[in-house]
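K.L.:
This is the feature table in Swiss-Prot:
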BINDING   N19, Y20, G21, D22, Y205, Q272, R288, G289, E290, D291, S292  dTDP-beta-L-rhamnose binding site
ACT_SITE  D22  active site, proton acceptor
ACT_SITE  E290  active site
Amino acid sequence: MSTSSNASHWDIFCTVVDNYGDIGVTWRLAKQLVNEYHIPIILWVDDLNSFSHILPTLNPKLVSQCFNGVIINHWTTPLAVPYLPGKVLIEAFACELPDEVKLQLATLHKTAPQAVPLWLNLEYLSAEDWVDGCHGLPSMQVSGIKKYFYFPGFTPKTGGLICERELFAERDAWQQDPANKLQLFESLGLKDIQAQDSVFSIFSYETDSLPALCELWQARAKNDAKIHALLPKGRSLNSLQHLLPCPVDALMPGQQIKLGDLTLHILPMTDQQGFDRLLWSCDVNIVRGEDSFLRAQWAAKPFIWHIYPQEDDYHLIKLEAFIRLYCDNLAPDIADTWSKLNFAFSQGQQSAVKTHWQNLNPVSLPLLQHAKEWPIDAINAADLATRLVQFVKKS
């Protein structure tokens, strides 16, 4: 494959840290920049095996390939594909650029400073107040080049949120016809799910909260509509090993585990469009990393955010900041219980999780209505790609 470049292209470098979160965000951004702004994008990724789980047609053995108009290069050490400076250089989530790239930038700065790309560090999404003041700030590097911090966020003063131009219209059209979700479940090999059943998707880290919820759902399912929990192989299922008939690694996509009237369904991996549609089709979504966290919000369905645990419980500060924003227009009693449910889930508090789930009834109409209204409030008139393009033009 040709790796020729021109001065107008953008490079995005991404290291895969949490299997799918980081690459999920950068892959969506790369596709949107190509599709909506016709910007040539080269995406450098260090772990193509993980990437292939959300892009099944990707060949992890190739050093360079193209999908959706995006050139995908395998980020090797040293680089197997030469880096050719373009207009913009994006470090996703503070990844460390390859030495040969930094050396090339330093040389360019000395010999042809006008050819140095605009260098951006795409940061993690946060709802904390300090993000407004830090977005767009420059940091002088040893080479003498400025690197700018680009912070996604929920306010007009931040870098915005990744959201494709037609996403909400596609979601609304999908959700208007119940047949769509049933056809999706069938295509994923998920059997015996009826339109009136309660369906929950689970994409969390390991946690004691999941066995607690499964215990609750088993008991409730005897008196209510059947409950289906949809889980991919991986970290969520590890928490339920004691309920499974075999080791997690031995489970197959489409397999069912019946626990009374609660049924666990093993999900196959799917591409990003399939994942979006899955979230659109479930009554409640339990999500984790940045990509699934944001897509659960765009799904306009109630959700629980299992935030990535950090030292000194800093993740709980980030969780509180988001909950404060999300609950701003929510009735105080529902906001209080939804907040407590999220905190209890992220801390593995089994008794509290069951109590707050029962108190909240997450598929209740007020919370569902709020979930439908939230995406319009959160987008704040402009998405991340739009703001990013504007930022580059102004810089």
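Each Cβ is built from the backbone N, Cα and C atoms, and glycine gets one as well.
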K.L.:
What binding-site residues in the list Y205, R288, E290 lie within 10 angstroms of D22 (active site, proton acceptor), counting C-alpha atoms?
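P.N.:
For D22 (active site, proton acceptor), the binding-site residues whose Cα atoms are within 10 Å come to E290.
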K.L.:
Looking only at Cβ atoms, how many others are within 10 Å of the one on E290 (dTDP-beta-L-rhamnose binding site)?
P.N.:
22
